[in-house]
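Colleague: Copying in the features that Swiss-Prot gives for the protein in this structure:
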ACT_SITE  Tyr92  active site, proton donor
ACT_SITE  Lys165  active site, proton acceptor
BINDING   Lys165, Asn450  substrate binding site
BINDING   Glu236, Asp237, Asp260  Mn(2+) binding site
BINDING   Ala293, Gly294, Thr295, Ala296, Asn405, Asn450  NAD(+) binding site
Amino acid sequence: MTKTASEILNNPFLNKGTAFTKEERQALGLTGTLPSKVQTIDEQATQAYAQFKSKPSRLEQRIFLMNLFNENRTLFFHLMDEHVVEFMPIVYDPVVADSIEQYNELFLDPQNAAFVSVDAPEDIEATLKNAADGRDIRLVVVTDAEGILGMGDWGVNGVDIAIGKLMVYTAAAGIDPSQVLPVSIDAGTNNQKLLDDPLYLGNRHKCVSGEQYYDVIDKFVAAEQQLFPDSLLHFEDFGRDNAQVILDKYKDQIATFNDDIQGTGMVVLAGILGALNISKESIKDQKILSFGAGTAGMGIANQILDELMQAGLTEEEAKQHFYAVDKQGLLFDDTEGLTPAQKAFTRKRSEFSNADELTNLEAVVKAVHPTVMIGTSTQPGTFTESIIKEMAAHTERPIIFPLSNPTKLAEAKAEDLIKWTDGRALVATGIPADDVEYKGVTYQIGQGNNALMYPGLGFGLIASTAKVLNAETLSAACHALGGIVDTSKPGAAVLPPVAKITEFSQKLAEVVAQSVIDQKLNKEPIADAKQAVADMKWVPEYRAISK
């Protein structure tokens, strides 16, 4: 190593702060540049956690953690490993939303991200190379921030989403933080608030679209694959008009994943499989109502559709299990303004004697009698008592997932769903929910959090050197997550808790890697999936550094 003392102390992948040993300080030219006491990482973590707890708000806590992240990746992840449940909502959803909104005011450090500008496509390769800085990149999370967390278009501010996502990957699954790269594709913004803000740090023009936009995406993917051929490319929070198009183009060519389309769908499918493990029913007997037919809602529907086809149904047979409801009501094949994703799940008016009346959720529930109802509408309180009781009157164990977040946008509260169904509902929410006490039973509420799925999934794909991610591997991951449910316990959650995320992420990674190997989709020869995962796992402990 030929770096200077200053370069080492300012490199978050190398810096240990006061944990550099006396021998390291001498060898690296650090003698006298740090206080004399040599601390252990546990002592540093105790000190850092006390500072974290002293912050007066969750945003202040996030700023503190991000500063620690900028200074010392190993200590940051060591601390997060000890407090993963407490830190998850702070480094990611929901507090990251506050950070995005105030990104211009709070900006201090690019955090090793790559900022690709639509106005300079000729610089894409150099941008990625500079940001990687010689590191062996195995995972790239890229966003154009057009569809942030139900917040909409936030331009270059959305890079915090990519950074936060990668934090969860490392904390949950053990992906080496020096092998990841967050990327912002700055295609402009249609957010007038940002365009009018003199502090805005991104391209100050409306979003580009069409051929110019897709040309930049193509150039980016080509450069990313050339520079990082062993990487997984994770697309995050793209607008719904572009997300599916991009995924469809590349999913059969490279190892890629769209968390909003596939990740949400996978977690919801895993939750449904967990619920069906409890109710002892078959997925082939379910009627599925999707309330909210945007990117997330249709991504969920597509994932369940694939599972029904894996279970032996034809595509047309599987589609008969779905009812998509949006602001227009039930979506029919003659509904105007449908997206390509929505068109795949429309119904025919001839199926209903009262088709013209199916313009709201309650009317559709009465007509269809769904057994599964999934909310991604961001319309608060729309799963009303009368709607839920109508649904519960026609199925013994209604599966109800109000997934919209944050809390103020949720379709219903878990405690209400348990009460309105007399404890029969199998519930998952989009945000953490407290246990519900009802008639002597403690009902644990699963959280439909994508973080339950994508870290283990991604790690398994990387460890197995997967060429692509296909339906069979997606299904294997969903069954693995849904199979963790304790079916013998009254009130059991349909999904495992975030508190155990490191345990089941490891299991998921092993299942995914095995699926890839079984299908001969691995680029490199791998004899043992478990060993491949174990060999790649990074642990947040200091390693010896020498000249």
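Positions of Cβ are set from backbone N, Cα and C atoms, glycine also.
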Colleague: Under 8 Å between C-beta atoms and at least six apart in sequence, can you list the same-chain neighbours of Lys165 (active site, proton acceptor), or say none if there are none?
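Modeller: Looking at Cβ-Cβ distances below 8 Å from Lys165 (active site, proton acceptor), excluding near sequence neighbours, one finds Tyr92, Val141, Pro182, His234, Glu236, Asp259, Tyr454.
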Colleague: Would you please pick out, from the binding-site residues Ala293, Ala296, the one with the fewest other Cβ atoms within 10 Å of its Cβ?
Modeller: Ala293
Colleague: Work out the three-state DSSP category of Glu236 (Mn(2+) binding site).
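Modeller: SS state of Glu236 (Mn(2+) binding site) = coil.
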Colleague: DSSP on Tyr92 (active site, proton donor), three-state: which is it?
Modeller: coil
Colleague: I'd like the number of other C-beta atoms within 10 A of the C-beta of Asn450 (substrate binding site), please.
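Modeller: Here the count is 25.
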Colleague: Could you measure between Asp237 (Mn(2+) binding site) and Asn405 (NAD(+) binding site) for me? Cα positions, answer in whole angstrom.
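Modeller: About 14 Å separates the two Cα atoms.
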Colleague: Can you give me the same-chain residues 6 or more apart in sequence from Gly294 (NAD(+) binding site) with a CB-CB distance under 8 Å?
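Modeller: Sequence-distant Cβ neighbours: Arg240, Asp326, Thr376.
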Colleague: Tell me the Cα distance separating Ala293 (NAD(+) binding site) from Asp260 (Mn(2+) binding site), rounded to the nearest angstrom.
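Modeller: Just about 13 Å between their Cα atoms.
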Colleague: So how many other Cβ atoms are close to Glu236 (Mn(2+) binding site), meaning within 10 Å of its Cβ?
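Modeller: Other Cβ atoms within 10 Å of Glu236 (Mn(2+) binding site): 27.
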Colleague: Between Ala293 (NAD(+) binding site) and Asn450 (substrate binding site), what is the CA-CA distance rounded to a whole number of Å?
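Modeller: Just about 18 Å between their Cα atoms.
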Colleague: Grab the NAD(+) binding residues from the record (Ala293, Gly294, Thr295, Ala296, Asn405, Asn450) and give me their largest CA-CA distance in Å.
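Modeller: Max Cα-Cα spread across the NAD(+) binders: 18 Å.
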Colleague: If the Mn(2+) site is taken as the center of the Cβ atoms of Glu236, Asp237, Asp260, which further residues of that chain fall within 8 Å of it by their Cβ?
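Modeller: What remains near the Cβ centre is Thr143, Gly147, Ile148, Ile161, Phe235, Phe238, Ala243, Asn258, Asp259.
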Colleague: Any idea what the Cα distance is from Thr295 (NAD(+) binding site) over to Asn450 (substrate binding site), rounded to a whole Å?
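Modeller: Distance between the two Cα atoms comes out at 14 Å.
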Colleague: Tell me which of the binding-site residues Asp237, Asp260 sits in the most Cβ-dense spot, judged by other Cβ atoms within 10 Å.
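Modeller: Max Cβ neighbours within 10 Å, all protein chains included: Asp237.
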Colleague: Could you tell me the C-alpha distance between Asn450 (substrate binding site) and Asn405 (NAD(+) binding site) in angstrom, no decimals?
Modeller: 12
